[in-house]
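**Student:** One structure coming up, written as structure tokens, with questions to follow.
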């Protein structure tokens, strides 16, 4: 039996071994074929992002399916393993497993895995708002079973926040000056999120400064006297709220990227400021700005040598604090001129220098920095997207839909994004819907550039495709902060409506141009603005704008080189051929006279613009590389002066091709205002051989305005233009005005200041008169280009010559006017300037009133503003202001044309009311006092049009040309209300007399003298003239029509820190509490012990542990204080802010019932009892007072044996030891320091009698009262001792002095306190 059993056992073991071996072999084969966990390592280098932004650190992996029996969810762990300085660190951030994410306490609220809930294989970490300390090396580790994969992602946070103080004084910058100071420091004004991020990294500065949202704030990490702000003793960013832009403060700036190197120059002999500039120039550099030095310090520069900077300040960067290098903390030190830390050193003083050398000086169009006028206006990612090694994909289901309203920025602040064309990017954006979502790294921004369809396509009626393009140019360095797309911002790829010919698709091909006929379609850049703010969510596709960046020249046919060309701002090719369409979102209006849809429909409408001319261009285009300073951004910063489309003198040949299109523009940003975008139908009619493009309006009796976007905060700059518009926006080198057209076919010779003649043209083919645009002044930034372009074919003066007028014609006609609501018709003005016939004609030119060859001139303009304030617009010389008469509207109705016998200027508005088309309004130069605050919210769009009847132009009644765009000018609401006549006064000063030979017409304004000539304002007031009226701006302390009233300066409580204001003649005086000084009690001269908080001259400390009232008072006395007393509502609020529990105070009536006293012996000056308190409820047992927390700290009397928290109070100024008194000593232990209001008592030594008061008190100024006590011996004892002495020595002193003599010569004892008379009051 034993043998069969052994055999059976052996067979069983063999089968088991074979089974195990088979299983092991199968597992080995599976492992060899594929792994279950694989991480996709990007290896794209360092991730860079700016301070206070969001960034995503990529971590992607793939998982192979496992047998159900062995399924195990992967475990994800993010860890920071190295700091920015390279020190090793092991700081856990979060762990995630099976859709459960646990975040470390120090990272809560700042990190998340946004894609993990939907896709477990995407562990991309979203981090932000970023701090400077977030820079370092991060590790993503994925573990499943025994498999372990990890990837390292370096993060670099760029940008630094710094405080800037004017050279004049502390708090010397208005909001506009603060923005300019930051700009000159190679920075922008910091946003609140920047300052908050800097504070969270330890930034502490007790100087209030402007921020981009017009608030004033400062960061405090350690509370100290004078720096409490609105947060009492708590750390945080203090805020003064939104302030008047004219108030004076310092500023906090944000410098984002260095873009070069800062190096120290320390020659053997130190340099003056001029010498430092020269020394830097000799080394191919320039003096570094303040922002550049801070960025260099942020990147590691450490130099303990003060050096000159570009703004005339002297500073030096310290990384490692050391002796004689400016303090214990790292930072950029500043050398001030005065002891109060103000003023820059004299330029003649000698220091070293810090120079800056740019890496690529030709690349000046990188990040766009726009100043903020309300909330943050910082432009992010103004350059193209960075190079990516992985092809990102956009999944179709993840495209944002129009009903998506979830905020995409966690900070809650508005943050416009500007997308522009990337210059020279060989990357192909090829969507593959099946791949994982990788489009969010390194950026989710879509870089769009639309190319218009050709005219042939449009003529054939086929749908032309618009596609995304990238224009090549010089290689640009990789810039920082290009990973904003990881925040989840996606931009919709909207399919066009049926019948529209627009669309977008990704492409890597550069823009092409049709060459054989020299036709070139200019590449366009799409500017997409995303506004995300509190209370309002904006879709990123709601504001799509087109602008011509590089117009081409030539005629149709063929292919051309893909090399881009760019024209200078004052030069536009005379022959523009092409047809482009681009979608613009419009708000559809009802067509009926009173119909109003309940819900406006949004639809896509194309913009069209075609301009063609048979003749080729008489000049040469030049590539971008020849003009590195040309702006490359496809974003208009507000309405600009428009330039003429032809560079050569006007030709009289009339070859007319009509082109239709729409062009819209928006005013510059304005705080506390809303901006609407409107589209204005515009057609361009080029005339002449050279193809002069003349802006016209379609033939119809009214103007049609369509609202093209949602109401947006006015600080966002937007501009929309037809893609082939021959009126591109330019810089201020060109000033364009409108003058009446002339009916003559020959040019009118005009002689300007320089004496050169210019041609003014109107063709005889146009029986309808209109407006002409004139170039008042053309500055020549590229003279060499002009010489090329003009050549011998120019029959008259070149374009760059001063005084040359180039006049394209504007055919003024209107489309039907349709209003959207019913309401009364409002006439804006009754008293107007009547345009009467006149034989004189000419064109108004700044500084010139010489007109030659007068011709019959006609004028019939209409200027309309699409806003509730309806106003005619005029153009002034740079530096002047435009006055706008305001008109309140009560509603709107469909206005019908009213035939008039003569043509008049019309103002119309659609925001609430409509005005009859033919209402007179004056044109002229208004009188606006300099320095008057303006409201820039007026003037959102303008249309120029005219009716059929014409009258001769009268230059006496129209002194200024009308323009379609205004730049660097301000609009001001002069007056106006419903039913109140608005005034628009025309003032002619001595420098601008009435035009010779032109009599004043009926209805024109008379010339008035200056009412401020004798300055009627008293006490230093400033006189502001407004026609015949004037107003006085009074200095502080005065009021009245002529500043004749001396008001109380103390009404505004100018004294700080509880100081008492005393009004005096022409000023005031502040009486400061102890430990404060200065003219406004703003200087803190004494502090508090550690753990104590100062308020109005006293130190307070809250103790949360509970004690009975007596024990609490005893503990406060042990700390040289008492239970707190309360003497004002401000002090009560301060004490009540400490805790949220009932708290003991020092008030009690333990000695005499109902006679409440403070334990520090101060008077009862303030009471804050609960209703029906004190009530002594326990019949004599309620002798102590408590602050009741749930009733705003009101008082109640309770028994003294309750155990409650308490607040101790003591003075900041302490008295030294009490003065010594002869024959007396102190009662109790003698201490080195005594609190304010402390009292001590003297007692006379044994055998001496006390006279006068025995106590003295420590005064609030730190000095003791003068002791009054006198200790003397009793007179009886003195007589007995004298008699005994006389009897004993009678025989020895026969010649003793008499009693009277002895008393006369007796020496009185000198008391100690008389020696220190100066120390007491």
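Note that Cβ sites are derived from N, Cα and C of the backbone, with glycine treated the same way.
Look at Swiss-Prot and you will find 935-948 tagged as compositional bias 'Low complexity'. Feature annotation from Swiss-Prot assigns disulfide bond to 182-253, 206-227, 304-325, 1012-1023, 1017-1032, 1034-1043, 1050-1061, 1072-1081, 1116-1208, 1184-1200, 1215-1258, 1244-1271 (among others). The annotation domain 'Link 1' is assigned in Swiss-Prot to 160-255. Look at Swiss-Prot and you will find 259-357 tagged as domain 'Link 2'. The annotation domain 'EGF-like 1' is assigned in Swiss-Prot to 1008-1044. The domain 'EGF-like 2' annotation in Swiss-Prot covers 1046-1082. Summarising the annotation, Swiss-Prot assigns O-linked glycosylation site to 381, 411. The feature signal peptide is assigned by Swiss-Prot to 1-22.
What's the neighbourhood like for these features in this structure?
**Tutor:** There are 29 other Cβ atoms within 10 Å of the Cβ belonging to residue 253 (disulfide bond). According to DSSP, residue 253 (disulfide bond) sits within a strand segment.
Residue 206 (disulfide bond) carries neither a helix nor a strand DSSP state and counts as coil.
Applying an 8 A CB threshold to same-chain residues 6+ apart, the list for residue 325 (disulfide bond) reads 304, 318, 333. In the three-state DSSP scheme, residue 325 (disulfide bond) is classed as coil.
Close to residue 1012 (disulfide bond) in the fold, though at least 6 residues off in sequence, lie 1023, 1024, 1025, 1030, each with a CB less than 8 Å from its CB.
The number of other Cβ atoms within 10 Å of the Cβ belonging to residue 1032 (disulfide bond), over all protein chains shown, comes to 22.
Long-range Cβ contacts of residue 1043 (disulfide bond) within its own chain (separation 6+, distance under 8 Å): 1017, 1018, 1019, 1020, 1021, 1032, 1034, 1035.
The DSSP secondary structure for residue 1050 (disulfide bond) is helix.
Cβ environment of residue 1081 (disulfide bond): 1055, 1056, 1057, 1058, 1059, 1070, 1072, 1073 lie under 8 Å away, each six or more residues apart in the same chain. DSSP assigns residue 1081 (disulfide bond) to coil in the three-state reduction, placing it in neither a helix nor a strand.
Under a cutoff of 8 A between CB atoms, and with a sequence separation of 6+ in the same chain, the neighbours of residue 1116 (disulfide bond) are 1122, 1123, 1146, 1159, 1206, 1208, 1209, 1210. In the three-state DSSP reading, residue 1116 (disulfide bond) counts as helix.
Look at residue 1200 (disulfide bond): DSSP puts it in coil.
Around residue 1215 (disulfide bond), the same-chain residues six or more apart in sequence whose CB sits under 8 Å from its CB are 1233, 1234, 1235, 1236, 1238, 1258, 1259, 1262, 1263, 1264, listed in sequence order.
The Cβ of residue 1244 (disulfide bond) lies under 8 Å from the Cβ of 1223, 1224, 1250, 1269, 1271, each on the same chain and at least six residues away in sequence.
Remark: secondary structure over the domain 'Link 2' (259-357) totals 19 helix, 28 strand, 52 coil, with classes taken from DSSP.
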**Student:** By DSSP assignment, list the helix, strand and coil residue numbers for the domain 'EGF-like 1' (1008-1044), in that order.
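**Tutor:** For that range the per-state counts are 0 helix, 12 strand, 25 coil.
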**Student:** Whole-number Å distance between the CA of residue 1200 (disulfide bond) and the CA of residue 1050 (disulfide bond)?
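**Tutor:** Between the alpha carbons of residue 1200 (disulfide bond) and residue 1050 (disulfide bond) there are 43 Å.
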**Student:** Reported as an integer number of Å, what is the Cα distance between residue 1184 (disulfide bond) and residue 227 (disulfide bond)?
**Tutor:** 34
**Student:** What is the one among the disulfide-bonded residues 206, 304, 1184, 1200 whose Cβ has the most other Cβ atoms less than or equal to 10 Å away?
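**Tutor:** The residue with the most neighbouring Cβ atoms within 10 Å is 1184.
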**Student:** Can you tell me whether DSSP puts residue 1258 (disulfide bond) in helix, strand or coil?
**Tutor:** strand
**Student:** Going along the chain, which residues six or more apart from residue 1050 (disulfide bond) have their CB under 8 A from its CB?
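**Tutor:** Correct list: 1061, 1062, 1063, 1068.
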**Student:** What is the separation, in Å, between the Cα atoms of residue 182 (disulfide bond) and residue 227 (disulfide bond)?
**Tutor:** 24
**Student:** What three-state class does DSSP give residue 182 (disulfide bond)?
**Tutor:** helix
**Student:** Distance check, please: Cα of residue 227 (disulfide bond) against Cα of residue 253 (disulfide bond), rounded to an integer number of angstrom.
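**Tutor:** About 20 Å separate the Cα atoms of these two residues.
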**Student:** Tell me, if you would, which residue among 1034, 1208 (disulfide-bonded residues) has the fewest other CB atoms within 10 Å in the structure shown?
**Tutor:** 1034
**Student:** Taking the Cβ of residue 227 (disulfide bond) as the centre, count every other Cβ atom within 10 Å, in any protein chain shown.
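**Tutor:** Neighbour count, Cβ to Cβ under the 10 Å cut-off: 19.
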**Student:** Take every residue in the domain 'Link 1' (160-255), average their pLDDT values, and give the whole-number result.
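**Tutor:** 94, rounded to a whole number.
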